Every structure is written in structure tokens, then in C-alpha cells.
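For reference, TrEMBL has these:
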DOMAIN    28-387  domain 'Nitrogenase/oxidoreductase component 1'
BINDING   CYS28, CYS53, CYS114  [4Fe-4S] cluster binding site
Amino acid sequence: MTQHLSPPATGCRSTPILKERGQREVFCGLTGIIWLHRKMQDAFFLVVGSRTCAHLLQSAAGVMIFAEPRFATAILEESDLAGLNDAHAELDRTVTELLARRPDIRQLFLVGSCPSEVIKLDLGRAAERLTMQHAPKVRVLNYSGSGIETTFTEGEDACLASMVPVLPKTDARELLVVGALPDVVEDQMLALLDGLGIGPVRLLPARHIDTETAVGPNTVFALVQPFLGETHAALVRRGATHLAAPFPFGDEGTTAWLAAIAREFGVSDETFRAVTEAPRRRARQAIAQASETLNGKSVFFFPDSQLEIPLARFLARECGMTPIEVGSPYIHDALHGPDLDLLPSGPTISEGQDVDKQLDRCRAARPDLTICGLGLANPLEAEGLSTKWAIELVFTPVHFYEQAGDLAGLFARPLKRRAVLEAAV
Ligand code: SF4
């Protein structure tokens, strides 16, 4: 199986990484609930937190007050924080009422927050106790979405990692695809894998708890999101084997990702070409159109979503952009190495953040486009720099061939808007 890719003469895998451990400007891991609750249709996320946590979720998700959403916040009042109440008893009562009112819930996640961690509320113990009370109908798990410990995409990682130990065991040789995708994109991916003759394909997270997702020594897994370091480690602990590959962004990333799976499952070159040729052509055409604005422009990534390295690879190789700095909250060689191999050498690769120093580097470089969090975007725009909110890249369908043009278009939009504004002045 040929990979259909030619790596650059020198990639970035051996580039020394600038490690920074200063102040960070990122959202917390509770944010992941916004896409996870849509994906897992029989799950409920109960944040054990403060009014601030509730407010973050409500405003980020734009929930209508009449909707029965699949998440809520059990608010810790001041008396809870002062240790005057038995928080475990309160939590048990809240969960019992919730499950009585919502018989559709099959998986309940107790999600830790900064306040629950400050008072050292042991949600692991609570999850075990509540599982015993409500099994077999409901499975109760816990993870932390606290801003103290996580960046915003780590919430999904922590959630999926909490599920791995309770997945049933299997000895079947199966492909497990790991990472939440919008349903429409997931269906496109499954159709491609089906065309290659690969199946059954298991998914984590699955849309329903009863779906046959299991793991064992013959499981091979492919990640679709580059922020799943903990989940990767948990699956390896269960004996599964990771298929390292570039992430499926753009034509090249998607082709390389599929090729790694096809090689593993012995798919012929002929079948691979027959399945991928038409969608590749469509992707290339769509990218060419959208990237007219991007070609020859420079880009600077602040660390935010952990999507930075594969996206920089896509922008450099398929859209003609020049990355100046590619910052990522964490860099795992096992996950990001294949994308670093393909990213042409040149940019500073930085891990972690010292926001003031990084802002200085960005201002000195004056990139054509800066990818950053919401908090940095407005000040940088005011200084005349074009920005793209990193969080949009997580909320928008951007994986695989059919979204490749939209992905390039997302980066082109701020540049077009600035050009229009400048022309109007
Ligand atoms: S978990 Fe922490 S950072 Fe996130 S909303 Fe709650 S208090 Fe804020």
C-alpha cells in the first residue's frame, strides 16, 4: 500500500521544542460537554461546580430554557464549600431525582470542576457508590473538566479515558475509531472504511451505550482527534495497538489516515485508489478554490485546541501558507509525530504557554493570520492583526475529504473580511 505522500526534505519532528510554562489563556475542560452531549444520545453530564461553571455551559451552548438538555450543573453553595453540608448526600439526592425524572439516561458522567476539586470532593467514590445503586440500568462515571488541570479539548480526552476501563473485553481483531465527530462526518468516514472492506468498525464514543464497542489485545485503534493523549494511554493499557498516522484534515491528511488503516487490514492499492480517487479530486478542487486567499500568507498558532500541528501541516502543504510559530498545549510524539514529519521545517514549535512572551513574538512577526483563543483575538484585531478563533475549528465539521474545502474556507474568511474592510476605508 503506497502512502501517496512525499514528506518534505526536513520535517519538524526533530525541531527542538520551545517549552513554556507560564500563564495560559485557555477555556476549561467543561467546554467539551457542549459537543459530547450531542454525540452521546443516552448520556447526561452533571457538572459538580459553581454558578460560574453553570454560566459557562449555558452561554457556550446557547441552551433554551425550555429544552431538556443532556447536561446540568449541581451547584455547590457557599455552605458546601465551607464544608457545612454533606456534599456526598446532596449529590446522591440530586442524582436520584434526576434519574427518576429522566429514564432515558443510561450513562451519567459526574464532571469535576475547580470548586469540587478545591474542596476535594471525591467524585470517583461517588461514581462507584451511585453505579452500585443504579446498575444495571445506568452506568455512572466521573472525570475532571476543571480549569486548574485541563485545556478545553482535554475535557473530551478525560471523558473518553474514563470510559475505557469499563468497556467490555474482546479478542476480535477490530478497528476502533476514537474521538467525537459530528454524525454526518462520522457517516462519511464509515462509508469510506466500508468501501475499503474494513469492518465492523467500532466507535468511541458510540452514540448509544449498547453499541458493541469493546477493546482487547487484537483491537487496533485510530484517533481522529489530536487531543486524546490520556485515552490513547488508557487503550494501550487495555492491550490495544495504536495506528500512528497524520490526522484526517485535508486531502493529504485524510488519505494518509485511511492508508495507515488500509495497510493494517491488507487492502489492495487498487481498491484504495478506487475508493479514494473521486473524493480526493473533490477535496483538492474545493481546497484550491478556498485557498486562493491563503496562498503565500503567514500564520501564527497560539496553543489552544491541540489541533494546531495537523492544521499547520494542512495549511503549509495544501494551502500554500507559511507557519511562523505552531504552539500546542501539549505535544505527544506518538500522536503528533506523523504530522510533524510532514510539516516543512521552519516554524518555531512551542509547547505550553507564557502568554506575554508569546504575544511579543506574535507582534514582532506580524503574521497575516493568527489562530488563538477568544480572549486574545479582540486585542490582536485592535492592533490590526487578522485572527481566527481556535474554538471554531472544534465546533465546525472539518474532518475528511468532504469538509476539506470548508476547512480552508474557515481560515480564508478573516483574511477576506479584513480585505473588504480595508477596501471600504
Ligand atoms: S471548572 Fe473552573 S474554569 Fe471551568 S467554569 Fe468552572 S470555575 Fe471556571
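Quick reminder: no glycine exception, Cβ is built from N, Cα and C everywhere.
Just so you know, TrEMBL annotations are computer predictions that nobody has curated.
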What count of other C-beta atoms do you get within 10 angstroms of the C-beta of CYS114 ([4Fe-4S] cluster binding site), across all chains shown?
18
Please average pLDDT over the domain 'Nitrogenase/oxidoreductase component 1' (28-387) for the predicted structure.
93
CYS28 ([4Fe-4S] cluster binding site) CB neighbourhood, other CB atoms within 10 A:
23
CYS53 ([4Fe-4S] cluster binding site) has how many other Cβ neighbours within 10 Å of its own Cβ?
25
With the [4Fe-4S] cluster site defined by CYS28, CYS53, CYS114, which remaining residues of that chain have Cβ atoms positioned within 8 Å of the Cβ centroid?
GLY29, LEU30, GLY49, SER50, THR52, LEU56, SER113, PRO115, GLY145, SER146, GLY147, ILE148
